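Peer 1: Have a look at this one before I ask anything.
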């Protein structure tokens, strides 16, 4: 198998899915039209509710949802071979992820941009709403801490990356102010993009100066700086920092992966990985479990991810200029993210299997595999860094992309530059999700505490916004600084996909209520059935074999208890949903004819 074949086939499948299935969801299932104003127009306040250009909204939404998942998940899942990850990315994104994202965004916009917990409360009752809100707040907290940990390791004692990431903040604020004043999006984007690229390319020079010494930060310092930054990102108006920064960052994200696609076509690397490895039944050095259910837990973003529900019921529904913008912003962004995941998978499987496992295993474990490294010593020398035992996926992606880029004409001597650039690129990729995620956590906190003190529910009340933003940053910032998260990614994988199940539950309820044909509910029920069974089995497997197994390396009673709580919350929500569906099925008066409520 070669990489070009995979890329061409994948792009064709995703394009057809967008054109046909995306249109079907918009026209037949959701019956979307532009006759009624969106929440951004109806509730415009110049701060949170702001009608925004379609492509700016796309850039913000894509930047927010495309965090570590489509990068790290496929890298780790390569342990099973290239085929399981490829199939799950394509099938999961088209049938599950794109549907999930568009129905969640639609459900939130119908309720004037309310969070998913508020929508669940309105549609399924107060108990389901409370369980949804509790699940969302729990997941967003560990997600922000987990994503930030990846950034910490990417920027630790890396002044080039720290400068390149940090400079995007004042550039974004300048773009936001300029666009707000002139309305000239093309000029603002062009100038901002040029400054962004300048910041990236002068990074190597900066690291040799006094400023570089100042930006050579350890993890503790970064663990304080990141929540402080996120506080301002969550408290400031969307148009000033969040939207323009994510919009500009999306240029870099899409640009890098277009370059990677070009590199794949030029180099046309073969895929030395087999379709299936010997670890599909479990016992692998990267992931302990079998290919099912762990392929669907390890690869979340890129296929289907509950984290997207935070953005789809948080910032994005308050930005869309027209209802029809949902197709490119939600459905389209999910399919683009799927392609990102496929490119990450190619970058990993373009390496020799022995080199891949040497990077993603500890030296002690790798010695037990009976493999011999092939190109890794040469790559380590060119990059100037010992690559063995650098687990977690981020370094593997950087090595894989560097391997492809340096195979292009005239680029063979730039390995160290490409490696550092990709590490920085990954940090920017993740920081944009932290921006939006912290703001969504702010909305959730305001919803919760607003039940006790009503003014807190007002998103335009400055003291309430400051309080909620500070509390959100304090919660995940404490976890980040203390480092007491343990096996965060396995716990996140289960809880994240459980939240995706909740999003599909809400979507199925809305579809049953408004669709002309009740069978359209299958667009949500089919992916929901698979995901709910998968996530519950994965949670059971982890609790039984890892979290509550004293002999397992990841033994953690706390993680076991938290996993059980999450599964119980999911069960309560789906029971409430089934009761609601049964009522609507029997009583047609509970269903509505209008596609968009008044």
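Along the chain as shown, the residues are counted starting at 1.
Here the Cβ of each residue, glycine as well, is placed from N, Cα and C on the backbone.
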Peer 1: Given the ranges 440-460, 461-481, which one is assigned the annotation transmembrane segment in Swiss-Prot?
Peer 2: 461-481
Peer 1: I'm a bit unsure how to read this: which one of 6-26, 291-311, 414-434, 461-481, 557-577 has the highest number of Cβ pairs shorter than 8 Å with the transmembrane segment (222-242)?
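Peer 2: Out of the listed stretches, 461-481 contacts the transmembrane segment (222-242) most.
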Peer 1: Can you say which of 6-26, 291-311, 328-348, 391-411, 461-481 has the most Cβ pairs under 8 Å with the transmembrane segment (86-106)?
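Peer 2: Ranking 6-26, 291-311, 328-348, 391-411, 461-481 by Cβ pairs under 8 Å to the transmembrane segment (86-106) puts 328-348 first.
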Peer 1: How about the transmembrane segment (391-411) with the transmembrane segment (488-508) - do they touch, taking at least 3 C-beta pairs under 8 Å (6 or more apart in sequence) as contact?
Peer 2: no
Peer 1: Which residues of the chain, 6 or more past the ends of the transmembrane segment (557-577), have a CB below 8 A from one of its CBs?
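Peer 2: 120, 124-125, 127-128, 131-132, 134-135, 138, 486-487, 490-491, 494-495, 498, 501-502, 505, 508-509, 532, 535-536, 539-540, 542-543, 547-548.
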